[in-house]
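Asks: One structure follows; several queries about it will come next.
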Amino acid sequence: MSVGKQNQITNALSDFFFEYETPRQVLVRNRRVGVVCRLIQLGVLAYIIGWVFIYEKGYQSTDTAVSSVFTKMKGVGYTNVSGSERVWDVADYVFPPQGDSSFVVMTNYIITEGQKMGKCPELKGKHNCNSDSDCEGGSFKRTGHGQMTGVCVEGTKTCEVLAWCPSVHDKYHNYTLFIKNSVTFPLFGVTRSNLVEGIDADYISKCLHDPKKAPLCPIFRLGDIVKLSGFSFETIARVGGAIGIVVDWTCNLDVDVKHCKPQYNFHGLYGNPAETDKARASVGYNFRYAKHYMEDRIQKRTLLKVFGIRFDIIVQSLARKFDIIPTLTAIGSGVGIFGVATVVCDLVLLYLLPKREFYKNMKFKYTDTHTQVSSFCL
């Protein structure tokens with residue numbers, strides 16, 4: 001290798017390790033460009049501070065909670081149907097009785113006592129007939145109560161069925177609901193319960209939830225829940241419906257954890273008589289259940305068609321806490337966005353202003369490639 005070649009390599013390595021290059025900057029005294037640049041920079045700064053850091057909390061990391069819900073109903077109901085008085089307690093009107101986060105409270109019912117397996121006429125409107133040919137033996141109708149025998153009953157003009165016979169009277173309950181909810185934010189190692197500081201046994205024994213006076217009380221009156229969800233109790237108690245109870249945990253863990261408290265919101269999910277969509281074809285919420293017993297060696301049952309309010313307790317959560325990684329990421333992205341001001345101002349400077357050719361000559365340095373090569377050869 002020649003000495004000249006070695007010198008070129010040595011100089012190149014020396015320039016690479018011991019020289020620093022910086023972009024050439026041109027100071028342009030132009031009010032129009034200066035104002036545009038500063039306005040864009042102020043807009044970017046407002047976006048970073050207002051949206052990224054204040055509104056979106058870009059300096060914090062987030063986590064959602066692992067949650068569990070326990071419920072307990074209390075209260076006694078009274079009915080008097082055709083002179084038959086009855087007292088209903090929790091075991092009678094809550095389904096299922098285990099205290100789940102989704103359950104039904106019975107508010108109305110239709111009772112059919114002393115049913116036994118046999119043959120009886122179908123109810124009017126279920127399967128009307130004029131002759132036996134209208135009742136296909138051995139077949140079922142989806143809305144019927146049993147298997148058709150092929151006989152048209154003259155007295156009712158309905159098909160005879162093999163079913164629990166006879167085929168298939170209303171009241172206000174002042175019940176209370178207790179909700180116990182605990183949440184854990186695994187990322188931050190924080191566990192909270194809706195029985196927060198100050199909610200002790202003595203307070204619970206006296207309080208009833210009120211959005212303004214007692215927003216943290218976990219005892220809810222059934223009538224208040226229906227009212228806060230926007231429903232009419234008389235209507236929803238008669239035909240049934242569904243209500244969502246949302247327990248909202250939105251917590252800023254940069255402050256004392258005792259400020260992490262739940263908020264309760266109530267939403268009517270189904271049962272509004274003002275609904276005009278296709279759901280109106282099947283208004284309300286109801287189901288049937290039976291109590292079986294033996295009488296004179298004959299199996300009988302009492303069938304109840306229950307109308308009730310289905311409650312779905314939904315826990316939604318979001319915890320935030322300062323984290324250096326998202327903070328640096330947000331700052332870095334903000335600094336990068338500042339480059340937009342430079343790009344826009346360069347476009348204005350080089351392509352829109354009357355003196356754009358002058359500014360181009362000041363910003364860019366042009367070299368003659370042929371002259372440079374000739375000088376190097378000499």
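Glycine residues also receive a Cβ, built from the backbone N, Cα and C atoms like all the rest.
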Asks: Do you know which of Cys120, Cys159 TrEMBL records in a disulfide with Cys135?
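Replies: Of the candidates Cys120, Cys159, the one TrEMBL pairs with Cys135 is Cys159.
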Asks: Could you round the CA separation between Cys152 (disulfide bond) and Lys72 (ATP binding site) to a whole angstrom and send it over?
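Replies: Answer for this pair: 49 Å between alpha carbons.
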Asks: Please tell me which one of the recorded positions listed here (Lys72, Cys207, Cys260, Asn286) sits closest to Cys159 (disulfide bond), measuring Cα to Cα?
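Replies: Nearest candidate: Asn286.
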Asks: Can you tell which of the recorded positions Lys74, Cys120, Phe287 lies nearest to Cys207 (disulfide bond) in space, using Cα positions?
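Replies: Closest by Cα: Lys74.
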Asks: Given the disulfide-bonded residues Cys129, Cys159, Cys165, Cys207, which one is most crowded in terms of C-beta atoms within 10 angstroms?
Replies: Cys159
Asks: May I ask which residues of the same chain, at least 6 positions away in sequence, place their Cβ under 8 angstroms from the Cβ of Thr176 (ATP binding site)?
Replies: Met73, Lys74, Gly75, Leu208, Ile219, Phe220, Arg221, Leu222
